[in-house]
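What follows is a short report on a single structure.
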Amino acid sequence: MIPSVAPAPVAPAPVAADAEDTATNAVTDTTAGARPGRRPRTAFAGLFSRRLSARRLVASPGAVAGITWLVALVVASLTAPWWLPYKTEDQDFTAVLSGPTAAHWLGTDELGRDLLSRIFAAAAGTLGTSLITVIVGVGLGTILAMVAAAGVRTEGVISRATEIMMSLPGTVIILAVIGAVGTNIPVIMAILGVLISAGIYRVMLGQATALQSQLYVDAAKVDGVSALGISMRHVLPGLSNTIVVQSALIFAVGMLIQAGLAFIGFGPPIPQPSWGGMIQGASQHVYDAPWLMVPTGAVLALTVVAANAIGNALGKSPNASASHLPSAAERRRRAAASAVAAPEAPAVPSPSGRLSVRGLSVGVDGGTPLVTDVSFDVGQGTVLGLVGESGCGKTMTALSLLGLLPSGVAVTGGQILWDGRNLAGAPEGVMEGVRGRDIALISQEPMRALDPMFTVGYQLVSTVRRLRGIGKAEARAEALGLLEKVGIVDAARILRTYPHQISGGMAQRVAIALALSGRPRLLVADEPTTALDVTVQAEILSVLRTLVKDTGMSVVMVTHDLGVVADICDTVAVMYAGQVVESGRTANILDNPRHPYTLALLAADPHANTAADMPERLATINGQVPQPKDWPGGCRFMARCQFAGSACVAPVPLVPSGSDDGVVRCVKADELAVEGLEWVATDVPGHRVLDVRSRDIPSRDIPSGDNVERDKA
Ligand SMILES: Nc1ncnc2c1ncn2[C@@H]1O[C@H](COP(=O)(O)OP(=O)(O)OP(=O)(O)O)[C@@H](O)[C@H]1O
């Protein structure tokens, strides 16, 4: 299965939409609510999420008080010239250092200037310049994290650069900037933002990397979405909670640092008022006029608390807002612009859709091989099964077909021939053109391949539009057709649902529909039925079988289930420890297996035996698939094989198995075939201990060690 390192973002909870959305839904019908009796819901999780955040703000008394305070402060500050009783520089020598009076509600300073007027006059500047720090710091840190998460090399460069930035003494740099540009507060706050961005980057990087590892990001890559598209659509929304919380924190920090700078004399030039400068002035009269400290200190403290209260409330939102999504007006405009067209007929794949893999090797950057010398062919309209235990290299082989190997793993040799092109190690630009359009992928966990923040309809329609370059209405009709093609009867309803609202089987059908969006000629299915119950498994296999028959699409089916192989595959390649050990037509392999590993898999499979010949105890294979670093030089299955002999220590080539174009990698293949030997249930550790029983001789008649002697001979 495709690895994933982090849980998917939490899915949004449903809320009612407004009338505007209802109107939009009437046009597009992709955004209506999923439950009958409720008002239609927006399909766009962004609007959803924004409303949800607004609800959270309203539900939090602290946040409501914080917003009220900040709004009042800004409005009061911006309108100060019209309502304040005094100008900031007006001096009243009859009331120097006074406390609150009818003339001066908050008192006066040492020059008789009105504190109320000066506090409110300074507010807008303080808040505005703090916002500069937020925009620069959080913006730069987030962008750097998104870029770094998209590539290992870039991450190395950016991380080293930010480490250097974090090691620099921030205070000294700020003082140096002041020395160079003077007390230009906007510039100083912007520089402060740059310094802070290194810390923000560290906070965001882990989250962005985790989001990049999600299966739905792999699915987007398969659909040919560019790196920028993935960052904007799948990573940024997942970061927005953190962005909001960090912004609130940095806003408060910015205000405090600004006040601190003014306190030590690096604030706005005198007589311009600033909160820090006023606190500094008050500190000189702490004994003779202690009240002077109270109004300014209280306003600063209240503003910091208000910012934090808002951040706390927003931080509790269950998911990020998605402001990158189109607005309702934009959606209406696009819907109107899209010509309503009839859905196209299903595509018939080109006859050239044949895949030939030759000597494919995949390895870790450090040199450890994971897959060696794998060859197989997939003809048009046929299904190849890649079968084997966990860790045999099936997924690595399958992912290399799409150029989606995990970071640090690469194709190290061989060819993947598709339409006359070699896709092995092809540049990303070439693979972006192939993925989704020529070769598509469905994975084991469809739920995680679907982004929980968007409706099925949004994901399907946007994928169809991107891959086919058609209008919204046409794409929607196509999406409905695709859902019906994969056996979904109430397709219109499913289009309106979010992934968390549908079952696993339904999600897999949707994932198959998504994979079919670009009319691929080859579908790579990585254990598509493993996570489903048996009934649903059978339904999904039936869908795939019908698609292959109706469209001529080919399938590479990764599975460890021989029942699936028997059910749907025309040919099969049995993999063990990174090698193909046997391949050929499915009927030949299942009826006349030639490799001991294939024998063992069949003996261990309850489906391979009919009720009549079902053994009392199914066979097991002792031991485990060896780790790539532990592969022996000879037969890799030798240590677990009931038939291993001295000839197995030398490297074993693939040789014709004698049936059609089948091949097998075992020096004893002929002997096994001639003697009709079977893999038996045994607890005896397998290595070189032979407990072979003929089909014709009851096991109790064979003395222990009989075959050891035969092997020695
Ligand atoms: N990202 C990775 N880096 C290094 N080695 C890896 C990585 N992913 C998988 N491997 C190793 O590559 C080998 C083949 O793994 P692969 O996932 O292809 O096996 P598989 O047969 O598909 O198993 P499963 O059915 O469990 O997915 C295993 O030894 C595995 O440990």
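Cβ atoms here come from the backbone N, Cα and C positions, even for glycine.
Just so you know, TrEMBL annotations are computer predictions that nobody has curated.
The region 'Disordered' annotation in TrEMBL covers 1-39.
The compositional bias 'Low complexity' annotation in TrEMBL covers 1-35.
Within the chain, the transmembrane segment (57-84) has long-range Cβ neighbours (under 8 A, six or more residues past its boundaries) at 114, 116-117, 120-125, 127, 299, 302-303, 305-310, 312-314, 316. What TrEMBL records for 57-84 (among others) is transmembrane segment.
For the transmembrane segment (119-152), the list of distant contacts is 70, 73-74, 76-78, 80, 84, 88, 106, 158-159, 162, 185-186, 189-190, 192-201, 203-205, 207-209, 211-212, 227, 230-231, 235-236, 239, 243, 246-247, 250-251, 253-255, 257-259, 268, 272-275, 278, 295-296, 299, 303, 407-408: same-chain residues at least six beyond its ends, Cβ to Cβ under 8 Å. What TrEMBL records for 119-152 (among others) is transmembrane segment.
The domain 'ABC transmembrane type-1' annotation in TrEMBL covers 123-311.
Annotated transmembrane segment per TrEMBL: 248-270 (among others), in sequence order.
Residues or ranges marked as transmembrane segment by TrEMBL: 290-310 (among others).
Under the heading domain 'ABC transporter', TrEMBL lists 355-602.
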Intrachain residues whose Cβ lies under 8 Å of the transmembrane segment (248-270), provided they are six or more past its termini: 125-127, 129-134, 137-138, 174-175, 178, 183, 185, 188-189, 192-193, 196, 200, 276-277, 279-280, 283, 300, 303-304, 307-308, 310-312, 314-315
